[in-house]
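Participant: Take a look at what TrEMBL says about it:
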DOMAIN    A:21-107  domain 'Pyrroline-5-carboxylate reductase catalytic N-terminal'
DOMAIN    A:249-394  domain 'Ferric oxidoreductase'
TRANSMEM  A:204-229  transmembrane segment
TRANSMEM  A:249-271  transmembrane segment
TRANSMEM  A:292-313  transmembrane segment
TRANSMEM  A:347-365  transmembrane segment
TRANSMEM  A:386-407  transmembrane segment
TRANSMEM  A:419-442  transmembrane segment
């Protein structure tokens with residue numbers, strides 16, 4: 001016991017290797033997992049519990065005492081109990097005065113309570129220094145050591161020194177502390193582990209919907225129509241041909257949808273004559289998920305590339321080519337090179353390759369570690385200039401690809417135009433409007449508006 | 001007013017949710033954008049302005065006062081005016097004493113003034129705690145909330161506490177503060193947003209020049225020559241065949257240029273007998289942009305891969321293969337498998353695949369987040385060992401590919417050797433010199449020189 | 001001299017641009033390199049040395065004094081000497097009192113001494129503030145300025161202010177300081193630069209072993225067997241055909257080995273009825289290198305994709321196809337489309353494409369900068385749900401690919417089953433066991449165990 005209390009004295013950094021005792025209130029799963037890990041990292045651990053008899057569940061090397069006794073043994077007290085049971089801490093207020101209380105709790109829902117658990121704790125025990133930490137780490141990961149990701153522990157608190165002490169423990173456990181500032185950040189930190197890709201929901205739902213629509217559209221045109229009229233069974237098109245039609249269509253439409261809100265915003269600002277009024281909510285939300293939209297588009301583009309490159313390996317394609325050659329031989333005719341066809345085929349492939357290449361570049365620059373290393377001017381250059389170039393190349397790729405069938409009546413089956421024609425509507429619209437907005441008569445006022453000028457100052461908020 | 005001043009008192013962290021009043025000097029675009037954002041984040045904002053009458057442009061919830069009155073209401077004062085107008089602040093020196101002044105200004109040119117704006121401000125108002133921040137964020141991005149990238153706010157300042165307060169505001173606005181140390185860092189922070197890929201300029205200009213040269217070279221050899229002598233129109237080669245000749249050539253040359261400066265440096269050090277004399281300036285600059293050179297080379301290599309993989313889909317190639325087969329049938333001859341050809345074709349493809357694979361690995365390890373996670377020894381291993389292996393594989397790929405045409409006279413059109421032969425000069429030179437440098441008689445003195453040994457100590461700087 | 005000492009006084013942040021004098025003990029290579037760099041960055045540097053006569057090796061602008069004299073000139077003293085010679089510092093204890101000593105030493109072996117060099121230094125000179133820094137940077141890189149990677153300098157120390165001063169110097173040299181907490185972290189920081197991909201050793205050795213095994217296996221079946229029985233020379237299969245058989249096999253086996261330890265852990269926990277007993281050591285180690293195993297598997301999968309996509313360009317394949325067509329024509333028969341074949345070929349290609357696509361997604365999310373931006377729940381979703389989906393798709397891809405040969409006796413050459421059959425054993429086993437574990441009768445107790453429940457509490461540690 002004496003040894004322990006000398007440890008507590010050693011709070012000020014010393015050259016001794018001994019680590020300070022840490023107290024954990026609560027012997028639930030996370031409390032025990034944290035205790036195990038801390039003992040492994042060389043911290044003496046003491047548990048504070050209602051029933052002071054040592055349970056088998058608790059690490060052997062840890063003492064179990066009453067809350068009051070345990071609290072007296074340590075400067076840092078980890079509150080591993082649920083918010084609903086925080087009340088009893090008010091009775092310990094005197095003992096907890098000046099101690100560092102680490103709130104590690106999580107909620108079950110986003111913004112479950114008006115104030116964060118850590119702020120609630122700080123109100124209950126005003127004399128203590130409350131630090132929020134560890135809530136983003138899972139007990140299972142902590143114990144099994146499989147912390148491949150999520151080594152980051154968000155830490156916030158009003159007392160700098162208390163925060164430093166907690167961050168030192170975090171580092172000693174092999175995790176990376178991230179200082180998130182004062183206790184005001186606790187709400188956000190508590191919401192963080194409850195999220196499941198919130199920004200991805202809209203882009204993924206939208207693309208699922210579009211996939212379903214275009215799947216049935218192509219099914220009707222490419223499989224049911226030939227089956228009904230020509231009695232041919234092309235059901236195996238479901239595996240590659242139809243996906244390879246859906247993917248490029250979705251990639252193009254979603255890419256255009258990335259640039260559509262910017263164009264709409266410009267129109268709204270020109271119309272209103274000011275940038276100081278907020279955009280409609282749906283436009284704001286749309287703008288915020290542009291990166292995700294673009295990445296989903298890139299995923300479809302990548303699939304399109306893979307589906308296209310395996311074409312010559314497909315058994316069906318090999319059969320078709322060899323039957324063409326055989327029939328050519330049997331008819332004893334040699335076809336000359338069709339120069340127009342060679343030009344068309346080579347140029348849509350080249351456009352597609354360049355478009356995809358730029359698209360991948362955009363994707364790479366949106367990696368967090370890359371975009372953190374470019375400044376605003378560079379980011380705008382890449383995402384805006386290169387982005388529009390990508391859109392232009394991909395639209396041209398689609399147009400050249402289908403150019404010859406555009407107005408041919410045979411391409412309308414059951415009055416349905418080819419799917420790729422539908423895919424051109426949005427990107428062409430975006431490109432045309434953007435082209436119009438480049439004209440000086442519109443570009444100049446827009447630039448001035450974006451620099452803060454207002455046409456009708458009286459209308460601004 | 002009383003409520004506000006109690007807020008100011010609450011500077012020391014409290015559990016109350018109330019945020020401290022922030023004062024903004026200047027009602028220009030960026031000042032208003034920052035004010036809007038701060039009000040949204042829950043900060044009471046007061047503007048300091050020459051004309052104290054509330055303008056419509058200013059956020060509704062913000063007060064507008066004279067500079068002196070506004071400054072008294074807040075501890076943190078954001079100076080959203082241009083450097084040229086800083087002078088008037090000297091008259092407020094008494095009121096500003098002890099306040100935190102946040103310099104957010106940017107210049108129009110790199111190193112426009114001898115000292116940074118923030119240091120200039122600190123000289124003007126010696127009693128204030130100057131913090132540099134927010135200059136890397138754009139007003140437009142701040143207001144429209146589309147901060148996809150550039151969430152990073154560089155913060156520097158001499159007073160730790162003042163810096164912490166500003167960093168808390170930065171976090172509250174949803175941005176990531178990065179502590180850059182003392183106010184000495186302000187110059188660099190002010191230069192940062194003015195850069196547009198400074199390290200990429202040379203690699204990109206160089207490769208544009210090389211692309212132009214090789215484009216006309218190939219145009220003459222592969223399109224004009226057959227048109228003149230054989231009257232064949234291969235103009236569609238411009239779309240894929242010629243790019244697919246330029247891309248691998250540039251990839252190989254640029255990759256060799258990544259390793260050339262290292263070899264030159266070794267020769268210079270061996271010749272001088274010391275490592276303590278600086279390299280010529282051009283070599284220093286070349287060494288600093290090796291990473292960018294390598295990434296541009298990787299981009300060309302990726303394009304080469306894509307251009308190569310679409311070969312079997314090209315209409316021209318399909319026509320050529322089918323005419324070959326048809327002519328074979330009509331001549332009634334069956335060709336046996338040419339084992340040498342099979343070996344050559346398979347091995348240059350395999351070498352190319354392995355080379356490209358290692359090249360991509362090198363590219364991935366140069367991502368900031370990956371290279372930050374490897375130590376110096378690991379980085380050297382990857383970039384040096386794997387890098388040379390990549391260069392060897394790619395050079396071998398090129399040599400095996402063109403092996404059979406190397407000395408054939410038919411490959412010299414208008415006395416111009418095939419372009420890929422030109423591409424082999426630099427990589428072969430680098431590999432030969434590197435091979436020579438590995439011999440112990442050169443490697444040993446070089447190693448000693450790099451560990452600090454000097455042959456003629458009197459010559460060193 | 002007076003000028004210098006006034007500089008020392010200027011320790012507290014000032015607006016003057018003058019940097020504080022730094023003292024370096026030791027004139028070895030790293031000491032000189034650091035000195036050069038600091039002078040370039042504007043720091044006055046004074047060297048402390050046994051022989052006070054200025055050597056040519058030392059930067060011109062630096063003074064060389066005795067240790068005691070040099071130490072008096074600066075607040076920060078960089079100890080650029082080896083641990084073995086630290087003893088003499090005890091004699092300077094009085095002068096060093098209150099100074100900031102920066103330990104930059106490295107060891108030759110992991111955990112060479114019981115305590116870290118920095119802690120040893122702190123014991124020798126108890127009155128000084130010891131900071132560990134700079135040991136992860138190489139002298140060569142520091143001097144030649146080619147700090148492409150490894151700009152990170154880990155800093156630790158018990159005195160916050162001393163640490164801040166060292167971190168400011170680190171920043172001034174163009175490097176990124178990373179605060180690693182108290183001096184206890186020094187051991188780990190000293191071990192860091194000695195590592196060479198420690199987590200990659202097992203995955204790479206394992207895959208090399210498997211590659212060797214499958215190479216000889218395929219060599220026997222695909223080259224030696226036809227040579228012996230059919231007298232055909234397929235030796236060129238070594239370049240592409242055999243690698244393209246080995247790569248997918250290894251990718252599939254290694255991917256299954258990523259998920260096998262998780263399944264084993266679940267079985268062990270179910271059997272023991274508790275999660276509070278440690279796994280066997282081999283399982284722990286296996287679990288820790290799962291990420292690396294997965295990335296090696298991804299590398300093999302990528303190679304497989306490249307090897308597969310070049311198939312139609314291979315000279316051998318072109319010869320085979322054209323001879324098939326020629327023989328078809330000469331026999332005057334036209335083959336109808338085999339619908340089953342078209343289905344099989346298209347579906348194994350589609351399964352492979354989707355599997356590879358998800359695999360690449362998994363790889364991207366394991367990039368440090370991406371995985372740091374997802375929370376634990378999101379990471380689990382990607383790595384567990386998407387991971388199993390990838391394994392299912394890849395296993396199905398392999399099964400459909402080889403479906404028709406599964407039970408055909410001709411596929412057993414010398415009683416050796418086809419290599420891809422061997423590759424299916426591990427993934428099928430993993431998927432079957434995982435499927436069994438999903439049943440509620442096993443899933444429910446497992447979930448409870450993982451939440452902390454124990455079947456036989458008395459058996460726990």
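Every residue gets a Cβ built from N, Cα and C, even glycine.
Those TrEMBL annotations? Automatic predictions, nothing curated.
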Participant: May I ask whether the transmembrane segment (A:292-313) has at least three C-beta pairs under 8 Å with the transmembrane segment (A:347-365), counting pairs 6 or more apart in sequence?
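Facilitator: Touching, yes - the transmembrane segment (A:347-365) and the transmembrane segment (A:292-313) meet the threshold of 3 or more Cβ pairs under 8 Å.
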Participant: Count the residues of the domain 'Ferric oxidoreductase' (A:249-394) that DSSP assigns to helix (H, G, I), to strand (E, B) and to coil, and report the three numbers in that order.
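Facilitator: For that range the per-state counts are 121 helix, 0 strand, 25 coil.
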Participant: With a Cβ cut-off under 8 Å, give me the same-chain residues at least six positions beyond the ends of the transmembrane segment (A:292-313) that come close to it.
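Facilitator: The answer is 199-200, 202-204, 206-207, 240, 243-244, 246-248, 250-255, 257-258, 356, 359-360, 362-363, 366, 387, 394.
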Participant: What does the DSSP secondary structure composition of the domain 'Pyrroline-5-carboxylate reductase catalytic N-terminal' (A:21-107) look like, as residue counts for helix, strand and coil?
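Facilitator: Looking at the domain 'Pyrroline-5-carboxylate reductase catalytic N-terminal' (A:21-107) with DSSP, the answer is 32 helix, 19 strand, 36 coil.
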Participant: For the domain 'Pyrroline-5-carboxylate reductase catalytic N-terminal' (A:21-107), provide the mean pLDDT of the predicted model.
Facilitator: 85
